[in-house]
Amino acid sequence: MSIDASTTMSADQLSDTDSAFLGHPKGLGYIVFAEAWERFSFYGMQALLILYLSSYLLLPGTIENVFAFSGFRAALESVFGPLSTQALATQLVGLYIGLVYFTPVLGGFIGDRYIGRTKAVIIGAILMAIGHFLMAIEAAFLFALLFLILGSGFLKGNLTAQVGQLYKDGDQRRDSAYSIYTIAIIVGAFAAPLICGTLGEVYGWHYGFGVAGIGMVIGMIIYISGRRHLPQDSQSKSAGKQALTLQPGDGKRIALILLLLAITALFWTAQTQVWNTYPIWVKGRVDREIFDLTIPVSWFQSIDTLAVLILAPVVLWLWKRQSNRNTEPSDLNKISIGFLVFGSACLSLAYSELSGSSEKISLIYPVIFHLICSVGFLYASPTILSLVSRSAPQSVNSALVGCYYLAIFFGGILSGWLGRFYEVMAPSAFWLMHGAIVASGGILILFLRGPLLTALVKK
């Protein structure tokens, strides 16, 4: 299938004539629904991964079935040292989370420079669908992760950048478009643990992984069906050299964007731990009994996303109210607030351990945690994405949006490494450590606010 200028629309056409989707270009609707299904597949698999590894796949009698895993484990332990089963699971999850967000840096460059963003997204969707279905085969586990990692590289940076590409510079709808895009991610992430998680934990791991694969296929079909409404790629094979042309002052802007994203890695160290060691903590420390029912561990990931769905309109309403009074925080202040709020959420987990007994912890504490950290997420994540997309030079826009996911890469790697300490530290100390890590990032942004603000605001 050929995807070229004849099957897409220019940003000018979309911005000037199209407001068919909630006041936004029609292409945003296709991107949003495709992303919701893609995130359904991703978070469905992610909700199960740490439980699947620590409770089943890495145990003696099963791990021997995975092709080439002994050599893979030896390579990991040569870098990170000897790993217990649980430490191996958290390290592997951290590496996976990190790598699925590292490859968009390369995928964004390829999309910008060579094949175009639309083709890159379609290639990524195909690879991810294959990877999800391979997760249902124990022997193919490492190959499944490889396909998922490569597919994410082609898809994520390019799809996110296409949201910003729908609008001309100065179009005020861009910020709300990223909020809609983020909410679509949350919808997919909410449904996935309830469906894939329940199937995996209750009926069998492979059922959960299989349904995640079906979700990826649906997302791919939606995206391809709306390709004529997608923004035209700004590159062509004949314009490869021009694709990387920078203007005076762009170098400083790029450097400061990268500095902001480096600090963002501290936020994602704590956030990715919610997908890594946190389910192990929930399984072992939280009383999940309600009447005669036991809540599946994976459902707590849905509680997390439900909190975002509930609080997102509240946060958007608050920002609008503040804007009308000229008191809305700047983007950098919003990001800093998000870091500090998320840090306080980690402190709430530590408090639950310190204030309780040796008995299991009340269900109310994880709920409070998810409510608080969701506010932090809403202040930080969509604001960073919008700021990077708006401030990055157009010639490297997709690659720098991909660098946002590079911050998640480092956060995921660090969370995997920190996960080993859960076995040797008191749970309260473990969560205090994570609260300090993410809060330090918010404080650092406040200190650097001046130079960041000067460079990132386009003249």
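Numbering starts at 1 and runs along the chain as displayed.
Each Cβ is built from the backbone N, Cα and C atoms, and glycine gets one as well.
Here is what TrEMBL records for this protein:
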- 49-453: domain 'Major facilitator superfamily (MFS) profile' (DOMAIN)
- 40-59: transmembrane segment (TRANSMEM)
- 79-102: transmembrane segment (TRANSMEM)
- 114-134: transmembrane segment (TRANSMEM)
- 140-159: transmembrane segment (TRANSMEM)
- 180-200: transmembrane segment (TRANSMEM)
- 206-226: transmembrane segment (TRANSMEM)
- 254-278: transmembrane segment (TRANSMEM)
- 298-319: transmembrane segment (TRANSMEM)
- 331-351: transmembrane segment (TRANSMEM)
- 363-387: transmembrane segment (TRANSMEM)
- 399-418: transmembrane segment (TRANSMEM)
- 430-448: transmembrane segment (TRANSMEM)
**Q.** Residues of the parent chain within Cβ reach of the transmembrane segment (331-351), under 8 Å, 6 or more residues beyond its termini
**A.** 260, 264, 266-267, 270-271, 281, 365-366, 368-370, 372-373, 375-381, 383-384, 386-387, 427-429, 431-432, 434-439, 441-443, 445-446, 449, 452-453, 456
Q: Could you tell me what the rest of the chain brings near the transmembrane segment (363-387), counting residues at least six beyond its ends with Cβ under 8 Å?
A: 160, 164, 174-175, 178-179, 181-182, 260-261, 264, 267, 270-271, 274, 282, 286-288, 290, 295, 300, 303-304, 306-308, 311-312, 315, 331-332, 334-335, 337-346, 348-349, 351-352, 401, 404, 438, 456
**Q.** the transmembrane segment (180-200) in contact with the transmembrane segment (298-319), cutoff 8 A, at least 3 CB pairs, sep 6+
**A.** yes
Q) When you check the transmembrane segment (430-448) against the transmembrane segment (114-134), do you get at least 3 Cβ pairs under 8 Å, counting only pairs 6 or more apart in sequence? A) no
Q: Mark yes when the transmembrane segment (114-134) and the transmembrane segment (399-418) have three or more Cβ pairs under 8 Å (sequence separation 6 or more) and no when they do not.
A: no
**Q.** Sequence-remote partners of the transmembrane segment (254-278) [C-beta within less than 8 Å, at least six residues beyond its ends]
**A.** 46-47, 50, 90, 93-94, 97-98, 246, 300-301, 304, 335, 338-339, 342-343, 346, 373, 376-377, 380, 384, 387-388, 391-393, 396, 400, 403-404, 406-412, 414-416, 418-419, 422, 430, 434-435, 437-438, 440-441, 444-445, 448, 451-452, 455-456
Q.
Can you work out which residues elsewhere in the same chain, 6+ from the ends of the transmembrane segment (140-159), have a Cβ less than 8 Å from its Cβ atoms?
A. 31, 34-35, 38, 42, 45, 57, 66-69, 72, 96, 99-108, 110-111, 117-118, 120-121, 123-132, 134, 398-399, 401-402, 405
